[in-house]
Amino acid sequence: MEISSKENTQLFSNTILLVDRSSFKSESSASKEKQSCCGGIKVFLGALSFVYFAKALSGSYLKSTITQIERRFDIPSSLVGVIDGSFEIGNLLIIILVSYFGAKLHRPRIIGAGCLIMSAGTFLIAMPQFFMGRYEYERFPSIINSTVSISPCLKDKSQTLLSALEKPQAKINAGCEKGGSSMWIYVLLGNLLRGIGETPIQPLGITYIDDYTIEENAALYIGCVQTVAIIGPIFGFLLGSLCAKLYVDIGFVDLDSVTITHKDVQWVGAWWLGYLIAGVISVLAGIPFWFLPKHLPKPEGRKDSSTSSEQSEFITEDNKDHQKSYQQNVKIAEMEGNFLPSLKNLFGNPVYILYLCASIIQFNSLIGMVTYKPKYIEQQYGRTSSQTNFVIGLINIPAVAFGIFSGGLIMKKFRINVLGAAKLSLGSSFFGYLLLLSLFAMGCENSDVAGLTVSYHGAKQMTDYEQALYSECNSGCACSKNDWDPICGENGVTYISACLAGCHASNGSGEHTVFFNCTCVGTLESPSQSSSAVVGLCQKGNECPKMFLYFLVISVITSYTLSVGGTPGYILLLRCIKPHLKSFALGIYTLAIRVLAGIPAPVYFGMAIDTACLKWGSKRCGGRGACKLYDSSALRYVYLGLTLVLGTVSIFFSVAVLWVLRKKSSPQDETLSTNRERGTRGTKSRKTNFVNSDHLIQTTYWPEKETRL
């Protein structure tokens, strides 16, 4: 057979040479075409990888600035959740139009236009910094000059300091307009615009690679793109950590006049600076696409086929003769006629419906958890925004990446079927949420804050906290309950302000200010003796640093465990539906996740977290501002409890999926499947199927996974 094949090949070559010498030119042109194709697709691959990096960086940077935005604009967590969900809304506005019409137009240029829109949205998010007034934090000016010391306890309302601090109503109103209490709308619109610009990147970029690449190389190329996308969030959170250390008005004010540090509870970092950097990166990422061609030469192995083996029949039928313009109307009519039957067929599949419900609920859990994870670490363990972002970027994100890789590797190495994928996905979720349950025991107790968590006499807190802020020890002072300039007494108790602590003298300036003769500080042990206090919150208990270390370990293991089930779950989704409905099913799946999880989860998680607030700030223009202090225990139960309840419900749906699959797969089908695998083992066809299976595993990576966990 081998000799005969060689002879036939030689005879065929000689015949061609005798028939027409121009075949040399044809082969030469084919070789050049192949080189041109390889070169063009690699340029596109590099450009698309950079775009994936840019969009992942800006998305993760937004997560890292949640608490900074909340403080800067003085808004509650529920409103921050609306801002975060606006990205999904923008994406949904045009995803159908882009997915359908984009494939018929110049795809690289549409991606380039999307990058410009994405960068414009990113720049718009940072714009309020240039229109708002300078950030004003509450800090008692302990020293007017080198010789005069001011008493924090304002016994006389006509005292010089008080009259100096009280501004005329007209000036306050002017400050409100300049400060822009509603400037957060620009952040929301910018994030909405960023979602619109990001829309064409994934559907048009991945399909462009798949159309002009050899099937065997498609998985490798798409895997490279997704790997770079995982690196983006690492740099995004690290950038957030760096910017959180810089003062918000850096470049606008004299930093020597700033009397707080990045460890202060009122500190707001240069949140806007990272958006400018991310916007510039997005502009640079979009430039190469304006110079790429609309079409590339088809690879040699795919010139006779317009679709790959993994492409659905539904898309194949619609695009088989897409170059023949006279058939367009017929194709559109066929698609419209097949829409409702396809939808009915899809929703009549119990495995698909159950898995869709499980995914929606699980993503509600994961999106809410990830969105407010920086806030939880800051409030629960007393960490700064810079430390929190550094930890998430350097520890949690790599764990997620390794988990995704491990899930694909397990599927590939053990050649797991649909039933096995369902088991692996279920096991990953079960053990992940089981580990998350242990975090209830790894929290810190509430800090002792006089009038909020403890009384001024040391008793645990009682009824109405606003009325409890006043006590006999500070009754002679004219204090405001709306102030938030905490100080730490030498008795280990935090006081909301030096005035409410009954301090009568102070020394030093800025973070080095020391308050003396604080009548309330001395009441816990000896009411007759006054004590001193320093600026800032008191440190949490001695066990808190240890608990934070335990939290990090469990959090990393949990992130890895939950990520392992991502790829098997997606494989299950693709294999439980008919081939000609794959594309349609994935579109419905993506739409449902965005509408029912990506948009609402940050909002109701934020509303639930707001219920744990102990001390609300007040805006200069009136109304409730951002939360200043949370009840640590209530925050832990709300944040982790809501995550676990949603995760548990999703597990029940996953169990139902496994039950339906077991019921549908008969022992005879399993035996035939096993015999087929054994029969093809070691043959070339098995290798080909294995390549296709590997391609399926590689290309089913969820593009938002790195920012969610």
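Our numbering is plain: 1 for the first residue shown, then up by one each step along the chain.
Just so it is clear, glycine is given a Cβ too, placed from its N, Cα and C backbone atoms.
Positions annotated as domain 'Major facilitator superfamily (MFS) profile' by TrEMBL: 44-665. For the domain 'Major facilitator superfamily (MFS) profile' (44-665), the mean pLDDT of the prediction comes to 82.
Per TrEMBL, domain 'Kazal-like' is recorded for 467-522.
Summarising the annotation, TrEMBL assigns region 'Disordered' to 298-322.
Listed as Cβ neighbours of the transmembrane segment (39-58) (distance under 8 Å, sequence separation of 6 or more from its ends, same chain) are residues 108, 111, 115, 118, 122, 194, 198, 201, 205, 208-209, 212-213, 221, 224-226, 228-233, 235-236, 239, 275, 278-279, 281-282, 284-286, 288-289, 292-293, 296-297, 703, 706-707. Taken from TrEMBL, the feature transmembrane segment covers 39-58 (among others).
Summarising the annotation, TrEMBL assigns transmembrane segment to 79-103 (among others).
Same-chain residues lying 6+ beyond the ends of the transmembrane segment (109-131) with a Cβ under 8 Å from its Cβ atoms: 48, 51, 54-55, 58, 62, 73, 90, 98, 102, 180, 183-184, 186-187, 189-201, 204-205, 248, 272-273, 275-276, 278-280, 282-283, 285-290, 292, 294. Under the heading transmembrane segment, TrEMBL lists 109-131 (among others).
The feature transmembrane segment is assigned by TrEMBL to 218-248 (among others).
Summarising the annotation, TrEMBL assigns transmembrane segment to 268-292 (among others). Outside the transmembrane segment (268-292) by six or more residues, the chain places 40, 43-44, 46-47, 50-51, 53-55, 57-58, 61, 64-65, 68-69, 71-72, 108-109, 111-116, 118-120, 122-123, 125-126, 128-129, 135, 137, 190, 197, 236, 239-240, 242-248, 250, 262, 385-386 with a CB less than 8 A from a CB of the stretch.
Residues annotated as transmembrane segment in TrEMBL: 352-370 (among others).
As annotated by TrEMBL, transmembrane segment applies to 390-410 (among others).
Look at TrEMBL and you will find 422-442 (among others) tagged as transmembrane segment.
Same-chain residues lying 6 or more positions outside the transmembrane segment (547-574) and placing a CB less than 8 Å from one of its CB atoms are 351-352, 355, 359, 366, 377, 381, 383, 391, 395-396, 399-404, 406-408, 410-411, 416, 418, 420-422, 424-429, 431-433, 435-436, 438-439, 442-444, 582, 585-586, 589, 657, 696-697, 700-702, 705, 709. Taken from TrEMBL, the feature transmembrane segment covers 547-574 (among others).
Beyond its flanks by at least six residues, the transmembrane segment (586-609) meets 76-82, 84-85, 87-89, 91-92, 95, 99, 346, 356, 359-360, 363-365, 367-369, 371-372, 375, 573-574, 630, 635, 638-639, 642 of its own chain at Cβ-Cβ distances under 8 Å. Annotated transmembrane segment per TrEMBL: 586-609 (among others), in sequence order.
Long-range contacts of the transmembrane segment (638-661) within the same chain, counting only residues at least 6 positions beyond its ends with a Cβ under 8 Å from a Cβ of the stretch, are 350-351, 354-355, 357-359, 361-362, 364-365, 368-369, 372, 376, 418-419, 422-423, 425-426, 429-430, 432-433, 436-437, 439-440, 572, 576, 605, 608-609, 611-612. Positions annotated as transmembrane segment by TrEMBL: 638-661 (among others).
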Residues of the parent chain within Cβ reach of the transmembrane segment (352-370), under 8 Å, 6 or more residues beyond its termini: 63, 346, 429, 562, 569, 572-573, 576-577, 585, 588-589, 592-593, 596-598, 600-602, 604-605, 639, 642-644, 646-647, 649-651, 653-654, 656-657, 660, 707-709
DSSP helix/strand/coil residue counts for the domain 'Kazal-like' (467-522): 10 helix, 13 strand, 33 coil
Long-range Cβ neighbours of the transmembrane segment (390-410) (under 8 Å; 6 or more residues past either end): 60, 64, 227, 230, 233-238, 240-241, 373-374, 377, 383, 416, 424, 428, 552, 555-557, 559-568, 697-698, 701, 705-706, 709
